[in-house]
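Down below is the structure, laid out as structure tokens.
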Amino acid sequence: MGYRKVKDQESYDDLSQNDVESLSGRSLSSANATATGLSSADGAKGKSSWKLKSVVTLALTLLTSSQAILIVWSKRAGKYEYSVTTANFSVEALKCLLSLAALFRTWNHHGVTDDNRLTTSFDEVSVYPIPAILYMVKNLLQYYIFAYVDAPAYQILKNLNIISTGVLYRIILKKKLSEIQWAAFILLCAGCTTAQLNPSSDHVLQTPIQGWMLAIVMALLSGFAGVYTEAIIKKRPSRNINVQNFWLYIFGVIFNLVAICVQDYDAVMNKGFFHGYSFITVLMILNHALSGIAVSMVMKYADNIVKVYSTSVAMLLTAVVSVFLFYFHLSLAFFLGSTVVSVSVYLHSVGKLQPQK
């Protein structure tokens, strides 16, 4: 009996050992399979993210480079046959509809929450009229600046808003700028000036003083509106961006409607809202509306370096296309100036002060 008991115990021990080895093998196999699956998932996610960044970068570059070209192209005999206030109104209305459509999609997928609910409280909506009216004035001025500059020069001078934004960041949001960023500002001014040199004329600069003044005013308006809007967004970071955009665009629609009544009321009433519109005008309106959406996507899915590359490539594309469409003369001064501007934009991007740990 003792012998049988010992044999039974040995058999049981052998079976237990085999079971443990079997379970260990299965666990290792499962772990390997899980690791392989996670690795594949990470690879697929990384590939998908790279594709999305590439699409966003390409879209922003094409939209940015074609903005000035479409505005100039929409002219006939050197003037706008359509009302620029109605065009600006149409852009704001389209952006408002796109934001509302994005909100409906969010509500269908995630339901209505405190962060994505459209509320009409005074505290919610009272902060948006100021940036809305600033953007309206700036967007209207961009039509009139083309009386003094061409499309490539506009793309160069538009980078002046980097300086105004940086200075206003320092004043309003108390953000410190690095020495590299201050140096980038100086380079940017030098690049803009170099690109406008006109050695074949008695005038030193191609762009008259009126064009420079309009560019500076636009840069100040754009910088202040951008900093103010960022302060609003960061005040409540969990708030859905489409809700904030919706209220900003709603006030943009209201203020542009007032501009129509003040500036073009008789023309709109006598000739119609869409008088003078062409296919190019419609493309221009779509371009301006989609540009805002593309910038939002860059902020969400890409990074700031994407905006830098898009800005630099857009300046070159605008100049090349203008050579064929508007017989623009691509001078050495413009090439050197645009190169300096591209370098300064890059330095401003990479020269940000890193937060201390």
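Each residue, glycine too, has its Cβ placed from N, Cα and C.
Per TrEMBL, the range carrying the annotation transmembrane segment out of 55-73, 93-111 is 55-73. Residues of the same chain lying 6 or more positions beyond the ends of the transmembrane segment (277-299) and with a Cβ under 8 Å from any Cβ of it are 56-57, 59-60, 63-64, 66-67, 70-71, 73-74, 82, 87, 90-91, 94-95, 98, 139, 241, 245, 306-307, 310.
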